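Over in Swiss-Prot, the protein carries these features:
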- 33-324: region '13 X 22 AA approximate tandem repeats' (REGION)
- 354-378: region 'Disordered' (REGION)
- 33-54: repeat '1' (REPEAT)
- 60-81: repeat '2' (REPEAT)
- 82-98: repeat '3' (REPEAT)
- 110-130: repeat '4' (REPEAT)
- 131-152: repeat '5' (REPEAT)
- 153-174: repeat '6' (REPEAT)
- 175-196: repeat '7' (REPEAT)
- 197-218: repeat '8' (REPEAT)
- 219-240: repeat '9' (REPEAT)
- 241-262: repeat '10' (REPEAT)
- 263-280: repeat '11' (REPEAT)
- 281-302: repeat '12' (REPEAT)
- 1-20: signal peptide (SIGNAL)
Amino acid sequence: MFLKAVVLTLSLVAITGARAEVSADQVATVVWDYFSQLSNNAKEAVEHLQQSELTQQLKSVTKGHISALRVIEKGRERNSWEHSRRVGPCEIMGRQVGIFGQPLRVATLPNCDLPVNSVPPNTHLSQAVGPYAEELRTQVNTHAEQLRNQLTSHAQRMQSALRQNVDDLHSSLTPFADELKAKIDQNVEELKGHLTPYTDELKVKIDQNVEELRRSLAPYAQDVQEKLNHQLEGLAFQMKKNAEELKAKISANAEELRQRLAPVAEDVRGKLKDNTAGLHKSLAELSSRLDQQVEEFRRNVGPYGETFNKALLQQVEELRQKLGPYAGDMEDHLSFLEKDLRDKVNSFFSTLQEKESQDTPVALPKQEQEQSAVPLES
C-alpha cells in the first residue's frame, strides 16, 4: 500500500509538472530501482561493519595502548554525540527525503545502532608474550653478572696465591689455571641452561594466546572461519619459528663467549713458565678481560627480546591486513549513502522544475480537477 502511494504521488507530480512523455510508470520504476540498489548498498555496509570490527580487533594488538585509548575516546565521543542528538545516520536519511526514505530507514535502522560494546575484550597478544621477552633481558643481565663475579673472584684468588707462593709459582698456580678453564665451561653451560628455557616458555605461551585469539574472533568471522584458522596457524608457526631462532642465537652467543674466554685461561697458564713480573701483569689484566667478554655477551643477547617483540607486532599487523580487507566503518558509509540519496532526489525534482519552467502547464478544468481528486479521498 505504501509503494502504491509513492507511485501515485510521483504520478501526480509528473502530470502537473512535466511533459506528457514522462509517464508515472517510468518515474516510479526509476525511483524504485534506485531504492532497491540503495538497500543492497546498505546490506553491504552492514557486512563491512562486521569486517571492520574484526579489523579493529586485530589492529588493537599492533597499535598498543595509545591506539587503544584513541579508539576508546573516539567511541565515547561518537556515543555521546549520538545519545545527545538521539538520531543516527539512517534517521537523518529518512528525514531528508520524507516518505521516500521510510522503507530504507526501517530496513537499515536496526543495523545502524549496533552497540559498541558488542565487540569482545581485545586479546593483547603482544602484552601476553611481551613480559617473557623482557624477562629474557633481565635474566641475561642477572646471569651475566653472576658469571662475571665468579670468574673475577677466581682471578683474585689466583693473584692472592701468586703473592703467597712466589718461590713455586708453577706448582701453586697450575691448579688455579685449570680450575679457571673448568669454571668457564661450567658457567657458560649454566648460563645457557638458565636462558634457553625462556624460549620454550615463549612457544607454550604463543600457542595459548593464539588459541585465545581464535576463540575471541570466532563470532566475528563465521563466514571466513577456515581462512581465519589458516592465518592463525601461520601466525603461530612464524612466532614459534622466531622463538626457535631466539634460542639458537642465545646458544650461539654463549658458545662464542666460551671461545673468547678459553684463550684468556690458556694465556694465564702459559705465563706460569715466565717470570713473576709477566705473570703479575697477566693476572692484573685477567679481571678486565673477563669483564669485557661478559659485557659484550650481555650487550649482544639483551636486545634479542626487543627484536622478538618487533617481529611479533609485524606478524600480527600482517594478519590484520589479510583478514581485514575492508576499510572504513558503518557510519562513514551511511553518511555517503545519505548524501548520495539527497543529491539524487534533489536532482530528480530539479529536473521536474526545469521542465515546468520551460513548458506552460496544462490547466485542467475545475470539474476534472474535482473528479481526479475523488480517488485520493477514497
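In case you wondered, yes, glycine gets a Cβ from its N, Cα and C as well.
Note: the repeat '8' (197-218) comprises 22 helix, 0 strand, 0 coil (DSSP; helix = H, G, I, strand = E, B).
Across the repeat '7' (175-196), DSSP assigns 22 helix, 0 strand, 0 coil.
In terms of DSSP helix, strand and coil, the repeat '12' (281-302) has 21 helix, 0 strand, 1 coil. Regional average pLDDT for the repeat '10' (241-262) in the model is 81.
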